[in-house]
Amino acid sequence: MTTDWNFEATYLELRDIFYDRGPIHPVDNPTLVLFNDALAASLGLDAQSLKQDIDLLAGNRQTETSFSQAYAGHQFGNLTMLGDGRALMLGEHVTPNGKRVDVQLKGSGPTEYSRGGDGRAALGPMVREFIISEAMHALGIPTNRALAVIQTGEAIMRQGPKHGAILTRVASSHLRVGTFQFAAGAGSIDDVIALTEVAIKRHDPDLIDAPNRYEQFLGRVVERQARLIANWQLVGFIHGVMNTDNMFISGEGLDYGPCAFMDTYHPETVFSSIDREGRYAYANQPYIGSWNLARLAETLLPLLGETKEEAVDVANKQLTRYTELYKEAYFTGLAHKIGLFVRKDGDDELTDELLRLMMETEADYTNTFRSLTLGEIESLPFATRKDGKVWLGAWRKRLNGQGLPDEDVSRIMRQYNPAVIPRNHHVEKAIQAAERGDFGPTEAILTILRDPYNYDQSSEYVSAGPPRTYPYQTFCGT
């Protein structure tokens, strides 16, 4: 185990329109309040040494490889030039086994791209990101992860004074659809080519010498996003702000500000306070994924064909695969969630009917599948309805047709149905306690969420449904 970071910065091989290397903005009284020992170990770093020297994670020490990224983004459908307005990339850490990851500080102070903001972050949203990213990782869904949260000792203004904080975020890269939009809008075709080559080298190195590598690269991004969004849908996750600057080329999730997990099932569920039109509602997420990928394809058109018509045909060939790939991943996953492990004709209709019953009876999304997994049929809110009994009979008949013992079906179903998710009211309680200086509830919920498929846990976080006394709203915390 090493105590040293091994930073490089291949991103800086791009033209300097892609980044800013401005000064750091130190804080006077940093305190480490959350740390991810397991992540540190996976990066080949000694956790204790990092905890004892927090100046780097507090943004008080600059690296030779640090920079802030420029990018654009369609925010609720409107294209805007953006950039890391409150983030500093420390560099690309290369682990002892050769894996390359970005290490970024969020809330580290103003940059060239701050647009008048203070560049800081509040403690509550950083704790939320830490919790949600760890939950997503444990669920097996590709995601950036949080290494640490530093409380800065400074107050910042966000609808009143809040504790300032800095999150250390680790990701396969921070290349976004919005990075390509920036290259196409503020740069030249040569800049788009250079960025694409960097992305291929980083995420799809097997394509480096492929003659049609740009088309294949687009196809790889399509595949990764189709799988990611299908996985979100399968656990009832609502991102809340699926702007193009929040879509990673790597296929990892990022920016867990206004996100939440669905309690009561309804396809039109929206949590984000700023999504007034429901653009990023649960049911819309697959379509927004397709829309965002079309924006990526637009930036790559000059690389995809000799003529515009040829390029559009090539792009459309890859984009049309998205719906097929998404549906395959989603409906296969949904079948697994109800114990069907080889899909047959009629299975999609069976799962569709289940979702209709869940919506009409205001069933809890996670607990419905948990009850089916455990065979606790009487706890289902539609169990006594006529159409509910019809569905349960059809489901049982389909299960029996597989020829597997019930205990084997239940055991396998547990691999697809988490016993616990980050319940919104529990996350809020942890955040509120953290804002009072008590991080015990955060550590407690993290312990549970890091083992989400463990049905043997005895905890209030596992089986307790949400209170129905208020509509839950999330805020980005910017």
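Indices start at 1 and increase along the chain as displayed.
A Cβ is built for glycine as well, from the same backbone N, Cα and C atoms used for every other residue.
Together with GLY83, GLY85, ARG86, LYS106, ASP118, GLY119, ARG169, ASP255, the ATP site in Swiss-Prot holds one more listed residue from ARG176, ARG276, which is ARG176. Shown in sequence order, ARG86, GLY109, PRO110, ILE156, MET157 are the residues of the chain, 6+ apart in sequence, with a C-beta less than 8 angstroms from the C-beta of ASP118 (ATP binding site). In this structure, the binding-site residues under consideration are ARG86, ARG169, and the one with the smallest number of other Cβ atoms within 10 Å of its Cβ is ARG86. For GLY83 (ATP binding site), the number of other Cβ atoms no farther than 10 Å from its own Cβ, over all displayed protein chains, is 23. Reduced to three states, the DSSP call for ASP245 (active site, proton acceptor) is helix. Put simply, ASP245 (active site, proton acceptor) is 10 Å from ASP255 (ATP binding site) when counted between their Cα atoms. Each of the recorded positions ASP245, ASP255 was scored by the number of other CB atoms within 10 A of its CB, and the lowest score belongs to ASP255.
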